[in-house]
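Enquirer: Sharing a structure, written as structure tokens. Questions coming.
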Amino acid sequence: MAGALCPGSFDPVTNGHLDVFTRAAAQFDEVVVTVMINPNKKGMFDVEERMELLRETTAHLPNVRVASWRGLLVDFAREQGITAIVKGLRDATDFGYELQMAQMNKKLSGVDTFFIATNPAFSFLSSSLVKEVATYGGDVSDMLPPVVHKRLLDRIAERRG
């Protein structure tokens, strides 16, 4: 197979995301982990910080690269010559939303979406939940790559002053 995009906000990247990237990298020649820029969302980490953390956590995957994009994902796919999108699915709610997006992307551009069922060990994980639990002092160390865990705790401490 050729290349695939793995899009998301990745604020921050979790072990669940990393599992999807690893599995996608085993199926595609190239995987472009794409930080989608949403100017209406104020993240814990800015886009450059997220990209840096993604590069660090995917460095062991030689066919994975990191990029960012503002706009329609299918426009980025077209620009990159990529014809596939890979999304991890945690549950039926994810499926309903992602299926609708996949059908729209197919209609707009012909790009196919491939779904990877999330490893059950990570099926409850979301970046939002991890940030919330960490903010209140919960232990999320086994939910994040070590470098991300450290940066998250540092950022929470910075915000507390």
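From the backbone N, Cα and C atoms, a Cβ is placed for every residue, glycine too.
Straight from Swiss-Prot, here's the annotation block:
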- Ser9, Phe10, His17, Gly88, Leu89, Arg90, Glu98, Phe122, Ser123, Phe124, Leu125, Ser126, Ser127, Ser128: ATP binding site (BINDING)
- Ser9, Lys41, Leu73, Lys87: substrate binding site (BINDING)
- His17: site 'Transition state stabilizer' (SITE)
Enquirer: Tell me the Cβ contacts of Leu89 (ATP binding site) under 8 Å, same chain only and six or more apart in sequence, or just say none.
Expert: Phe95, Glu98, Phe115, Ile116, Ala117, Thr118
Enquirer: Which of these binding-site residues is closest to Leu73 (substrate binding site) if you go by CA atoms: Ser9, Ser123, Leu125?
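Expert: Out of the listed candidates, the nearest Cα belongs to Ser9.
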Enquirer: How big is the Cα-to-Cα gap, in Å, between His17 (ATP binding site) and Lys87 (substrate binding site)?
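Expert: Counting only the Cα atoms, the answer is 9 Å.
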Enquirer: Substrate site residues Ser9, Lys41, Leu73, Lys87: biggest Cα-Cα distance, Å?
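Expert: 21 Å is the greatest Cα spacing among the residues binding substrate.
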Enquirer: Can you tell me the CA-to-CA distance separating Ser127 (ATP binding site) and Lys41 (substrate binding site), as a whole number of Å?
Expert: 14
Enquirer: List the Cα distance (Å, whole number) between Ser9 (ATP binding site) and Lys41 (substrate binding site).
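Expert: Just about 10 Å between their Cα atoms.
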Enquirer: Any idea what the Cα distance is from Ser123 (ATP binding site) over to Lys87 (substrate binding site), rounded to a whole Å?
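Expert: Ser123 (ATP binding site) to Lys87 (substrate binding site), Cα-Cα distance: 13 Å.
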Enquirer: By Cβ count within 10 Å, point out the most packed of the binding-site residues listed: His17, Lys87.
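Expert: Counting Cβ neighbours within 10 Å, the top one is His17.
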